[in-house]
Amino acid sequence: MNWRTIIYVILLVSLTVVKALPRSYRDIEEKTSIGQRFSQLQEKNFKAIAMIMFAQHVQGGTFGKAVKMAEDVTDLAKKCAAAAGGNPDCLKPLDKIFLDTICQEENLPRFTDCCAKKDPERNDCFLSLKNSSRGFISPFERPNAEAACKNHSQHQHSLTGYFIYEVSRRHPFLYAPTILSVATRYDEMMKNCCGRAEDPTHNLEECFRRQAPKVVKPVKEDGLRQEHTCGILKKFGERTIKALKLAQISQKFPKADFVTVNKLVMDIANMHKDCCRGEMLDCMHDREEILHYVCTNQDILSSKIKKCCEKPLLQRSECIVNAENDDKPADLSPHVREFIEDKGICERFAQEEDTHLARFLYEYSRRHPEFSAQMLLRIGKGYEDLLKECCKTGAPDNCFSRGEEELKKHIYETESVMKTSCDIYKEKGDYYFQNELLMSFTKKMPQLTSAELIKFTKQMTAIGSKCCQLSQDKLLPCAEENLDLVLGEICRRHLTDPINPGVCHCCSSSYALRRPCMGKLEIDENYVPLSLTPGLFTFHEDLCTTEDEKLQHKKQEMLINLIKYKPQITQEQLTSVTAAFTAMREQCCKEENCEACFVKEGPELIKRSEKMLSA
């Protein structure tokens, strides 16, 4: 097995793989065979993608096993391309061939149950075993900078190959071209930093510290977004994904007509279905086809994506997603009153329910770039409910006007929630704003660990930092769409380990209503508070650290335990306990023997706090 060759071709593929994909994919009625795929991608590209797919499916497998399976599949593909009709395996669907290859491997006991199932249940079983949670695979160990550069100079292709393998198995839902693009950035970072290693003025550690975030960022962001989208598709179905994409595309391309927008919605929904099923090659084809369509139809879509379409293919998608919304057509009326006032509205709704609702969402979204996509879905759902109520026989004459009032009320409430949150953030700053969130979410979800609560609220605080500085017309899309990613992560955590019935309801009932539902959750009344054991609150000399971040983390852990011990704690009680703790810390940190002071004063503080909390 020539590992060096395999590894090297993975590097070559990163900027060429998607260009090898045919543009006639949508015209093919049946799934493309493995031989056809091999011919389209060529051997080096096919083998590279296959290795990523096996690393993502068999996350606990060795690098050598992933390469071996990739070679086995590539050998079959090569034979099928040469003589398509000679082997019945050549006619099997691609996903079946990949799973058959895994199931034929020895020493993979984790997949025994999945391999015993028939397709498509077998594929669903394999997908359910993909685990992207932190800690499932040990985190990357940051190597010594000098040792890394020495390794890179001696084993450049091996090092980058292993990097690709490690990224793939830690991010099982990540789009293959993203991994390949990241590998290119990784290789550039190694060359940039190590290239000047002999220069005595060059700080290697600082170079890696500065450039590493650029390598890691697309892995984190793309991985989270893909997992998020797949979670929505799995939980709420294709109709919800189509509605979400319809709102987003209508905002992005307000000059495009309904038929064009709808075509893009269908194509993107199909792409996500393929991507979320783990059909990586089909997923890549779908995306390339969509990018080709968008960039060859800029005149009817948008004037804001010209520079994106001039970028290399791997950078094009991210650029278009982050591009500004196009300007609204000059003759676009500010209102969509025809969807309420036209006399034939109920008849049209009865004849073509989904199409009528889609047209409403399209027209409303293209007029309101200042709203989040989730809010637009809530408005669409409100309009659907309004039609169902007002089109009933005997509905009152003012039925539709009542709906308008409800809409105005909802818009006002949503904007008020975001404005209030930003006002608190601007007043309190990162640390104290996060503490407010910690108090709220610990009461709503006390079953989460301290680490989880701190992580989720830190992400929410970062949204405040990012969005609250924006103008009013950009605040809502920024805040709610980023918050939706965090709530999606909480809901995926709930699926793997249920939190409580309130969270279950919010995560299951309606995608569009998920954020307001979570906002309305109060104290989990069924939660049994923590007992006051000796280890619940401990005080040591590390509380005297001068490192703000470490101290804040310790204080936040104590805050969480305090709320889990006393969920009904009032603001007045919290203020009293906090003041008592601060006084004790200041006193002990002045002592020569801090630890002895904490040992003596800590239990006294707990006794006083108990009295404050029972008052």
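Here the Cβ of each residue, glycine as well, is placed from N, Cα and C on the backbone.
In this view, CYS90 (disulfide bond) is surrounded by 20 other Cβ atoms within 10 Å of its Cβ, with every protein chain counted. The annotation disulfide bond is assigned in TrEMBL to CYS80-CYS90 (among others).
As annotated by TrEMBL, disulfide bond applies to CYS103-CYS115 (among others). Cβ neighbour count for CYS103 (disulfide bond): 15 (other Cβ atoms within 10 Å of its Cβ, all protein chains included).
Residues or ranges marked as disulfide bond by TrEMBL: CYS114-CYS125 (among others). Over all protein chains present, the Cβ of CYS114 (disulfide bond) has 21 other Cβ atoms lying within 10 Å.
Sequence annotations record features per position, and here TrEMBL assigns disulfide bond to CYS149-CYS194 (among others). Within the same chain, the residues at least 6 positions away from CYS194 (disulfide bond) whose Cβ sits under 8 Å from its Cβ are ALA148, CYS149, HIS152, SER153, LEU204, listed in sequence order.
Taken from TrEMBL, the feature disulfide bond covers CYS193-CYS207 (among others).
Every protein chain considered, the tally of other Cβ atoms within 10 Å of the Cβ of CYS276 (disulfide bond) stands at 20. Annotation comment: TrEMBL describes CYS230-CYS276 (among others) as disulfide bond.
Using a 10 Å Cβ-Cβ cutoff, CYS319 (disulfide bond) registers 15 neighbours. Annotation comment: TrEMBL describes CYS308-CYS319 (among others) as disulfide bond.
Long-range Cβ contacts of CYS399 (disulfide bond) within its own chain (separation 6+, distance under 8 Å): LEU386, GLU389, CYS390. Residues annotated as disulfide bond in TrEMBL: CYS390-CYS399 (among others).
Feature annotation from TrEMBL assigns disulfide bond to CYS467-CYS478 (among others). Around the Cβ of CYS467 (disulfide bond), a 10 Å sphere holds 22 further Cβ atoms from the protein chains shown.
Under the heading disulfide bond, TrEMBL lists CYS506-CYS517 (among others). Around CYS517 (disulfide bond), the same-chain residues at least 6 positions away in sequence with a Cβ under 8 Å from its Cβ are HIS505, CYS506, SER509, SER510.
For CYS544 (disulfide bond), the number of other Cβ atoms no farther than 10 Å from its own Cβ, over all displayed protein chains, is 17. The disulfide bond annotation in TrEMBL covers CYS544-CYS589 (among others).
Its own atom aside, the Cβ of CYS588 (disulfide bond) has 23 Cβ atoms within 10 angstroms in the protein chains shown. Taken from TrEMBL, the feature disulfide bond applies to CYS588-CYS597 (among others).
Under the heading domain 'Albumin', TrEMBL lists 23-216 (among others).
Sequence annotations record features per position, and here TrEMBL assigns domain 'Albumin' to 217-409 (among others).
According to TrEMBL, the feature domain 'Albumin' maps to 410-607 (among others).
Positions annotated as signal peptide by TrEMBL: 1-20.
All protein chains considered, the CB of CYS193 (disulfide bond) has 24 other CB atoms within 10 Å. The disulfide-bonded residues in question are CYS115, CYS390, CYS597, and the one with the fewest Cβ neighbours inside 10 Å is CYS115. Looking only at the disulfide-bonded residues CYS115, CYS125, CYS230, CYS308, CYS467, the one with its C-alpha closest to CYS588 (disulfide bond) is CYS467. The distance from the Cα of CYS207 (disulfide bond) to the Cα of CYS103 (disulfide bond) comes to 44 Å. Considering only the disulfide-bonded residues CYS80, CYS90, CYS103, CYS478, the residue whose Cα is spatially closest to the Cα of CYS544 (disulfide bond) is CYS478. Among the disulfide-bonded residues CYS103, CYS114, CYS115, CYS230, CYS478, CYS597, the ones whose Cα sits within 10 Å of the Cα of CYS589 (disulfide bond) are CYS597, in sequence order. A 10 Å cutoff on Cβ-Cβ distances gives CYS80 (disulfide bond) a total of 24 other Cβ atoms nearby, all chains included.
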